[in-house]
């Protein structure tokens, strides 16, 4: 049976920790979409691991890992990340990671184009990670991309890469890019990559009867190409639909869909953010929460928890349970606010706006809670939480239509987690 872990907000919710926890009993852990633009940090046995393209199930010694068909794979990053895990003691990681032969190749050329496209937007930049994800997915949709399986065939990458480079040069002029160097590197990858490449359908068939398959979502619903705050989104489907499509999952095999919700809100890059706090409150969240992007190092914008957004996210992903993260970051706030509705020109909106221009103008309507002003760091039992923290959590559950908050993060370590019987 399949468990899917998905971000319910703008990403950076802390999906890696619950994935790490669940992967200890999983047979298989998979990435379904996205690329090395994702970033998960996991603290395990006092060692900090940063994951980007690799599934974080690699930390679990008995868990096999798959990078699925819906992803885009930057091979230099793949091998660099794998080497970093080995250096930190995961010596057998290379034996437990596989890539679908139908996944797309993300080239250095795509990163160059990403930067040029962002620059051309001037004051309306999307705020991408600059990793080339958007241009790679664009080439996939235009049917001119290169698949992982084609890297193993002599001459295929060179022919296609020369065509891609010529097309982008015709569009942008001379590029700050070494075509011959990248072609040469892929000639080396032709042999180096071979042990990792699999036919996803055949590979997954071996695990169909597995009691525990874990899907690790990347980014989050509000960055989904269809359902997010378009155009300030990533270029893949980040919700449950993307997981099913990217891994060819049987929908009837899905046992649970876990929505990961940070106890406050953050966003990296441009785009509307109705509950953003451009003030001392936002600065305090940023400082205490160490809100810097794992992938880019950029400062994350911070604000109050937005239940309008979370309800919208739930209506698309249909969460069966919630993992609330980073509760401890709110320990020292005198009062805590939660957005429960949007108003535009004094009138409550009935649905989540599709247009970014409307989202930029809405006024958030808040419910205010007294803070608990005591530490929750490291608490592992519900009954040990301060009463005001319990009320805050129960309110979120009600606002989510009764979806239970089963896990509550109270610190960075794997052990800093409350698991409730719900």
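Here the Cβ of each residue, glycine as well, is placed from N, Cα and C on the backbone.
Pulled from Swiss-Prot:
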BINDING   11-17, 39-41, 300, 326-328, 409-411  GTP binding site
BINDING   12, 39  Mg(2+) binding site
BINDING   12, 13, 14, 15, 37, 38, 39, 40, 129, 143, 219, 234, 298  IMP binding site
ACT_SITE  12  active site, proton acceptor
ACT_SITE  40  active site, proton donor
BINDING   294, 295, 296, 297, 298, 299, 300  substrate binding site
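This view paints the features noted in Swiss-Prot onto the structure.
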residue: 12; record: Mg(2+) binding site; DSSP (3 states): coil
residue: 17; record: GTP binding site; DSSP (3 states): helix
residue: 40; record: active site, proton donor; DSSP (3 states): strand
residue: 129; record: IMP binding site; DSSP (3 states): coil
residue: 219; record: IMP binding site; DSSP (3 states): coil
residue: 298; record: IMP binding site; DSSP (3 states): coil
residue: 327; record: GTP binding site; DSSP (3 states): helix
Worksheet item: Could you give the maximum C-alpha to C-alpha distance in Å for the residues 12, 13, 14, 15, 37, 38, 39, 40, 129, 143, 219, 234, 298 that bind IMP per the record?
Response: 34
Worksheet entry | Euclidean distance between Cα atoms of residue 14 (GTP binding site) and residue 300 (substrate binding site), Å | 14
Discussion item. Taking 10 A as the limit, how many CB atoms besides its own sit near the CB of residue 37 (IMP binding site)?
Written reply: 29
Worksheet item: Of the recorded positions 39, 40, 129, 298, which sits closest to residue 14 (GTP binding site) by Cα distance?
Response: 40
Item to complete: Starting from residue 219 (IMP binding site), work out which of the binding-site residues listed here (41, 297, 327, 410) have their Cα within 10 Å, and give them in sequence order.
Response: none
Worksheet entry | Of 11, 14, 39, 297 (the binding-site residues), the residue whose Cβ has the fewest other Cβ atoms within 10 Å | 297
Worksheet item: Under DSSP, is residue 410 (GTP binding site) helix, strand or coil?
Response: coil
Worksheet entry | Residue among binding-site residues 11, 17, 299 with Cα closest to the Cα of residue 37 (IMP binding site) | 11
Worksheet item: Looking only at 17, 40, 298, 299, 300, which of these recorded positions has the biggest number of Cβ atoms within 10 Å around its Cβ?
Response: 17
Fill in: Residue pair residue 40 (active site, proton donor), residue 299 (substrate binding site) - Cα distance, angstrom, rounded
16
Worksheet, complete the sentence: Most Cβ neighbours within 10 Å, among the binding-site residues 129, 219, goes to 219
Practice prompt. Can you grab the distance from residue 41 (GTP binding site) over to residue 12 (Mg(2+) binding site)? Cα atoms, rounded to a whole Å.
Written response: 9
Discussion item. Quick check for the class: what is the C-alpha distance, in angstrom and rounded, between residue 11 (GTP binding site) and residue 299 (substrate binding site)?
Written reply: 13
Discussion item. Nearest by CA distance to residue 327 (GTP binding site): which of the binding-site residues is it, out of 12, 39, 129, 297, 298?
Written reply: 12
Fill in: binding-site residues: 41, 327 - member with fewest neighbouring CB atoms within 10 Å
41
